[in-house]
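J.: Sharing a structure with you now.
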Amino acid sequence: MSKKRVSLFRNILQFSVLSLIILFFIGNQVGLSVVDFETYCPMGGIQAILTLMKDGLIACNMTVTQMVLGAIFIFCILVLGKLFCSHLCPLGTVSEAIGKVADKFKIRRDINGVTDKVLRSLKYILLFFTLTITLETGELFCKTYDPFYGSVTMFGHRVNFLFATISISVFVLGSIIFRLFWCKYLCPLGAISNIFKYWIGVGVVVAVLSSMYFFEVGVDISIIVGIICLVGYALEILKIDTKQQSVLKITRHTHTCVDCGLCSRTCPQGIDVADLEMVKHPDCNLCGDCVAACPKDGALTLNEKMNVKWLPSVLVVVLFVSGLLIASQYNLPTVSKAWGSNEEMAKSKEFTINHMSHLTCFSSSMGFVRQMSEVDGVLAVNTYISDHKAEITYDTTKIDELSIRKMLYTRSKQFVKAPQLDQPLTVHKLRVAKYLTEADLKIMAEALKDEDVYQLETQFDTEIRLLAFCDANMSESKIENLITTIKHRRSYPFEVKDVVKSNVPISGIGLMKRAFKKHKATFNNFKSYPREKLRSVMLVLEDFPKNENKFKELSNHVAKRYKGVVGIHADYEAQPTVRFFYIQDMVEPQDIINWMSQPEMTLVYTNGDTEQVTNPYKFKLTN
Ligand code: SF4
Ligand code: SF4
């Protein structure tokens, strides 16, 4: 009964982690959950720790959670061994499972000798590029190719389709044909594990990082990373029999062992355990399968003395769960920049802006800091992407909080549906004090399309207000109820503080004109032609407002395709119209009508690339 314990605990843990990931993946796909799979990745955390040490900035959209998990990952390697790989990593679990199925068909091959040694360099090369690019750019390069992230996000944000497709294919094929191919030869986290498995590796990392951090040695970051990767690779291929500091090392007690060889045949890494007294092989991740397979009690143990078979599983859970609990207590700014002098800081004040949904990563944080650094009187900014908030420090003698808030505010507008042109409408102003984005308004508009609501807008005076253009009979309490229901359904973090009905009436046609985003463009040497040669034809947009935001594409298409057309002007006059300006003798009005009825438009980009897109417009000639 006790023989299978180590494997059993591990298998339960692996199965639980994988099941949770699959559940969250399905939840995300059907819209029941919004789990960010990066949140629990120690690889991102390690890179964030390094960018924090190098530049005082947290890479990409990493938070304290990933950084604590990254630190615990390293601690786990140093003290216990590669338990993360064998117990928690979903890629390791899937690769093992694929391999076990492949074994049944006897298609797995071993890679030995020089080929094995050369292939092992790949993960250090990948680690080198991953760390160097991340440290140079502040963006997590591993997201572009990570087979796990690429799969669970369905090639989501920042995933490079080509890189991720290659790595997913290599991962699957490698797992079928070879033993744990990804883990052994390509995983950069595996490379980090092997560096930290050896005292020499730890010594080199500590020496290099402290010289960089404490003594500010001005060496190019790629050289530093290169040295660490080279040392790791050398330690791995030479399998230097040096001291490994971890407490757990599989130990074979020769006086009890009956040399049956079961442990060697069971080891998923292909380590010849039966030929060793202590397993110091860099691939050993303490999975415990050899201990579980051993038929002789006490012949194989977790280290020289200890034989508590469930301990690795319990330790790894305790470590990583405590990490998550510790991380939940702290927060660090993603970007923290101050440029005010001591004198200015002395008379400064600070305030926090919440609900900044566009603060999602390192780049957006840096963009925000740049924007703020150009504002006279703003002295420092901290951004927190986990909470989508920013702390702004400002000089009270130069600017006030309200002016900064107004400056940051961007108006949003979302059409819900068209009213009757002669319909009397009313505008309700709801005080919400939340930075509602275009995306928020889009969701609200969708939810309100069966109500007597025609357009939503946001506005900033002393606070943010949501403007709802409704039928004149809509009461304040009804619109408040409608918005509050959406707020609860979507878990929006805002309260409707009050509703004020505007006493400025507006008609259906007034709203349509307001909703129409005007567009004016001239091209094809418009100014070079004499005025008397200029003619125009006006076409009515049949399906406004469905495609009213595609006028830039329309301009691009017309300008690049039809040389005699020199301008377009979209406006809502008595109806939504687009006026095409053309040069007499070069173009006939009927040509324009024919061209605009084509099913496709050709877009030409600044780099010369072209793209065929569906013509979204239906035009008719004005009467
Ligand atoms: S030596 Fe034992 S613990 Fe290490 S990987 Fe092989 S089976 Fe797992
Ligand atoms: S399985 Fe146990 S008894 Fe058999 S060779 Fe390995 S350590 Fe010895």
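Along the chain as shown, the residues are counted starting at 1.
Cβ coordinates come from backbone N, Cα and C, glycine included.
Curation does not apply to TrEMBL; its annotations are automatic.
Residues or ranges marked as transmembrane segment by TrEMBL: 12-30, 56-80, 124-141, 161-183, 195-215, 221-238, 310-327. The annotation domain '4Fe-4S ferredoxin-type' is assigned in TrEMBL to 248-271, 276-305.
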J.: Report yes or no: does the transmembrane segment (221-238) come within contact of the transmembrane segment (12-30), defined as 3 or more CB pairs under 8 Å with a sequence separation of 6 or more?
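T.: Between the transmembrane segment (12-30) and the transmembrane segment (221-238), which are separate recorded stretches, there is no contact, as judged by 3 or more close Cβ pairs.
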J.: With the transmembrane segment (12-30) as the reference, which stretch in 56-80, 124-141, 195-215, 310-327 has the largest tally of C-beta pairs below 8 Å?
T.: 310-327
J.: Which one of these stretches, 56-80, 124-141, 310-327, has the most C-beta pairs shorter than 8 Å to the transmembrane segment (195-215)?
T.: 56-80
J.: How about long-range neighbours of the transmembrane segment (310-327): same chain, 6 or more residues beyond its ends, C-beta under 8 Å?
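T.: Non-local partners: 5-6, 9-10, 12-13, 40, 63-65, 67-69, 71-72, 75-76, 80, 83-84, 86-88, 248, 286, 288, 302.
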J.: By DSSP assignment, list the helix, strand and coil residue numbers for the domain '4Fe-4S ferredoxin-type' (276-305), in that order.
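T.: Looking at the domain '4Fe-4S ferredoxin-type' (276-305) with DSSP, the answer is 5 helix, 3 strand, 22 coil.
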J.: Across the domain '4Fe-4S ferredoxin-type' (276-305), what does the pLDDT come to on average, as a whole number?
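T.: Summarising the domain '4Fe-4S ferredoxin-type' (276-305) by its mean pLDDT gives 89.
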J.: Sort the residues of the domain '4Fe-4S ferredoxin-type' (248-271) into helix, strand and coil with DSSP and give the three counts.
T.: 5 helix, 2 strand, 17 coil
